[in-house]
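What follows is one structure encoded as structure tokens, with my remarks underneath.
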Amino acid sequence: LLTEVETPTRNEWECRCSDSSDPLVVAASIIGILHLILWILDRLFFKCIYRRLKYGLKRGPSTAGVPESMREEYRQEQQSAVDVDDGHFVNI
């Protein structure tokens with residue numbers, strides 16, 4: 001963090017050391033550090049994070065109380081839908 005701030009005066013540049021005991025400076029420093037850490041983590045793991053947000057939350061309807069045969073039929077329907085979607089991609 002920057003602890004020295006150069007401010008122009010009428011005659012010359014003087015070096016004014018900011019006092020880090022100021023609560024506003026402390027809060028801004030903490031927020032800045034947290035923002036930097038979160039940004040770095042986001043850039044490093046964005047594929048994993050957004051894939052999980054996109055597909056992890058779509059788990060389908062609850063299967064509580066549904067017979068196993070119907071669950072298996074539902075799984076096969078979902079898989080066949082995925083297989084059909086794969087046919088739309090063209091390899092170049």
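Just so you know, glycine gets a Cβ as well, placed from its N, Cα and C.
If you look up Swiss-Prot, you'll see 21-41 marked as transmembrane segment. Taken from Swiss-Prot, the feature site 'Seems to be involved in pH gating' covers Trp39, and the record attributes it to similarity to another entry. Taken from Swiss-Prot, the feature topological domain 'Intravirion' covers 42-92, and the record attributes it to sequence analysis. Taken from Swiss-Prot, the feature S-palmitoyl cysteine applies to Cys48, supported by similarity to another entry. According to Swiss-Prot, the feature region 'Disordered' maps to 60-86. Look at Swiss-Prot and you will find Ser62 tagged as phosphoserine.
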Mean per-residue pLDDT computed across the topological domain 'Intravirion' (42-92): 68
Measuring Cα to Cα, how far is Trp39 (site 'Seems to be involved in pH gating') from Cys48 (S-palmitoyl cysteine) in Å? 15
How many other Cβ atoms are found within 10 Å of the Cβ atom of Trp39 (site 'Seems to be involved in pH gating'), counting all protein chains shown? 10
